[in-house]
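What follows is a single structure, written as C-alpha cells, with notes after it.
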Amino acid sequence: MTKGIILLAAGGTGGHLFPAEALAHELKASGYSVHLVTDSRAERFAGKFPADEVHVVPSATIGSKNPIHVVRSLWTLWTGMRAARRLIARLRPKAVVGLGGFPTAPPPLAATGTGVPSLIPGQNAVEGRAHKAPAARVKAIAGGFPPEGTGTFAAKTVTTGNPVRPAVLEAAKVSYDAASGDVPFHLVVFGGSQGAQYFSKAVPQAICRLDDALRQRLKVTQQARPEDRDGVIATYEKLGVPADVSPFFTDMAERIASAQLVICRSGASTVSELAVIGRPAILVPYPYALDHDQAANAAAIAAKGGAKVIAQAELTAERLAGILADAMANPQSLVQMAAHARETGKPDAARLLASMVEAIASGSTVEKFRETRS
C-alpha cells in the first residue's frame, strides 16, 4: 500500500530526466508510487528510471518565429493539456511535479485546473519564459540557484538546489586529484547535441596546438554526435591521444569524478552535478538560449571560484590551448577550483525537494514548509 501517486513530468533529455530520477528515488523511498510523463527521447534513460508507469502526452516547444509552426505548436500543447487532464482524472495523483520546459508544461498546468497541487523547480539562475507561464499558476516553486526572497514568485519559492542522481552522490565520494608532474591528465568533454557538435571541432583543434609533452599526458573522454564520432576519433589517433568518444555515456558521473578538468555547457543539471562532485570546469554557455539561462548558471558557480566561463564566440583554438596548458602546468589552481565548486554543491537537494512535494501533497503551504524544513 502506497501513500498515493506522484506524477512527474520531465522532457526526454538528461538535463530534465536526471533530476526527475533523483526525486523519484526519494519519493519511492518515502512510500509513494511514481509515474513519469515524458516523450519518446527518454527511451535511452528508461532502464534506470524508477517509475511505476510511464505515460506520453503530446507537447511542443514554441521556439519558432514561423506563424504556421507556432499555431501547430499551440494546437499540440492544447491537445497535450486535454490528455494530461484525462490522465490526472484517471490517476488522481497526490501532486504533479513538472521538471522541464515547454515539453512538460501540460501536466502541471492541467493540474491547476483540477485541484491537484502542483510544483515546478526553477532550475536555472534566471526565470525563463517557459518557466513563467506555469509559475504563475502552480502552488509551489523549488529554486535551484537564486537565493530566497528574490524573483517574481518569491512568496511561493523555496531554494532546494537541483536534485542530483544517486550515481552523482556516489561519484562525489571520490576526492579530487590534480595530476601533477607526468601523471596522466584526464579531460572530460560533453555538452548535449549542440555542445557535442561544437566541441567536436573546438577541442581537438586546441589539443593540436599543445606541446608534445602535454599531449603525451592527456587522455580524453568526449561526447560526440554519431555523425562526428569517427572524425573526432581519427584526429585523436593522429595526435597519439588516448580517447574514448561516444554519443552517450551511461557512466558519466564516474567519468567526471575521474577528471582533472571538465569542458562542457552550463545547463542547470550539469552545473549542479559538477558542484556536488566538485570538479574544476571550463563552462561554455549555449549562446542561443532564449533567456541566456546557461550564462546565468555559469556565472553563479564562477562567482564562487568553481569554474571559468568563456563565451563560445571568444573560445578560439589558440585560447583554449592556452587554458589547457596553464591548467596542466598549475595543478594547485585546479585543486582550489575543485574545492570552490564543491562548496556550492547541494547534495541533499533531492531529499529537500521530496519533502517539499510531500508537504504540498498533504495540503501544507509553502510558508509552513519553509518554517519546518530541516
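Counting starts with 1 at the first residue shown.
Using N, Cα and C of the backbone, Cβ positions are placed for all residues, glycine too.
Here's what TrEMBL has on this protein:
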DOMAIN    6-141  domain 'Glycosyltransferase family 28 N-terminal'
BINDING   Thr13, Gly14, Gly15, Asn124, Arg165, Ser193, Gln294  UDP-N-acetyl-alpha-D-glucosamine binding site
DOMAIN    187-351  domain 'Glycosyl transferase family 28 C-terminal'
DSSP-derived helix, strand and coil totals, residue by residue, for the domain 'Glycosyltransferase family 28 N-terminal' (6-141): 67 helix, 25 strand, 44 coil
Local backbone state of Arg165 (UDP-N-acetyl-alpha-D-glucosamine binding site), from DSSP in three classes: coil
Which residues of the same chain, at least 6 positions away in sequence, have a Cβ lying under 8 Å from the Cβ of Gln294 (UDP-N-acetyl-alpha-D-glucosamine binding site)? Asn124, Arg265, Ser266, Gly267, Pro285, Tyr286
Find, among the binding-site residues listed as Gly15, Arg165, the one whose Cβ has the highest number of other Cβ atoms within 10 Å in the structure shown. Arg165
When DSSP states are folded down to helix, strand and coil, where does Gln294 (UDP-N-acetyl-alpha-D-glucosamine binding site) land? helix
